[in-house]
Amino acid sequence: VPKSKAGEATRVAIDVGFRHIDAAYVYENEEEVGSALREKIADGTVKREDLFYTTKLWATFFRPELVRPALERSLKKLQLDYVDLFIIHVPMAMKPGEEFLPKDASGKIILETVDLRDTWEALEKCKDAGLTRSIGVSNFNHKQLELILNKPGLKYKPVCNQVECHPYLNQSKLLEFCKSRDIILVAYSALGSQRDPNWVEESSPYLLEDPVLNAVAKKHKRSPAQVALRYQLQRGAVVLAKSFNEQRIKENFQVFDFELPPEDMKAIDGLNRNLRYFKLLFAVDHPYYPYSEEY
């Protein structure tokens, strides 16, 4: 998708009613998204405090001294004074430098080990400096969350854990764990995945073609996507929906005027097959690889 589309989709989303914009340094579109946000503030559609903007710390910036400069770099691209949420993108660090995916001569991604607790302390300092309102994590398993929660001298705990979560991977155990620790689970790839061959196996099933999901959608005169999003909201998760299509952006927002009864929720729960679209297999040998644990 051309970068200009990111700005366009952001403007449409804000006009439709979306206020939570989830982005990241590694998406390489913060200039376009920031410009769309400022435009919508300037024309009076929203105030800055109406918007909830998330950015993420990429894996090449986990050394504590690199954390604040990385956030400042995002803020400069966005031309904003602060973000609402700053999260650690993945638990595994990579070799620092300008390359997003640093590789050795044989084409293997160069990983390194940085203690996540040290990275977390640097995030806490960003919050104290007013550069971000809240701090959280992404793609962490429950043991990695506990590592942070049990850190001596912890000042702020993670407000959220953003993970892949959809009817084929419903994360029920992780969701319960997060609720018990007062951490919000934020669901990404809630509609399946955009199927980028760099990250996702081409043989993966299409979630939105699932017969059960389609039957529930038909019953409520809704789209399968709307049902998948509504499912997450009713479980108490925050849900993200990505689209560049104006019609679908509008459709994705129309999930507040219907409810799935318990039997439909149960039917969708029954679709779980622990199927992960994003396996991050390049880091399977890293000590912080998150998916060796059940949840």
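Just so it is clear, glycine is given a Cβ too, placed from its N, Cα and C backbone atoms.
According to TrEMBL, the feature active site, proton donor maps to Tyr27. Sequence annotations record features per position, and here TrEMBL assigns substrate binding site to His89. Taken from TrEMBL, the feature domain 'NADP-dependent oxidoreductase' applies to 2-272. What TrEMBL records for Lys56 is site 'Lowers pKa of active site Tyr'.
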Set of same-chain residues at least 6 away whose C-beta sits under 8 angstroms from the residue listed as 'active site, proton donor': Ala6
Chain-internal residues near His89 (substrate binding site), provided their CB is under 8 angstroms and they sit 6+ positions away: Ala24, Val26, Lys56, Leu57, Trp58, Ala59, Ser138, Asn139
Cβ neighbours of Lys56 (site 'Lowers pKa of active site Tyr') where a neighbour is any other Cβ within 10 Å: 26
Arithmetic mean of per-residue pLDDT over the domain 'NADP-dependent oxidoreductase' (2-272): 96
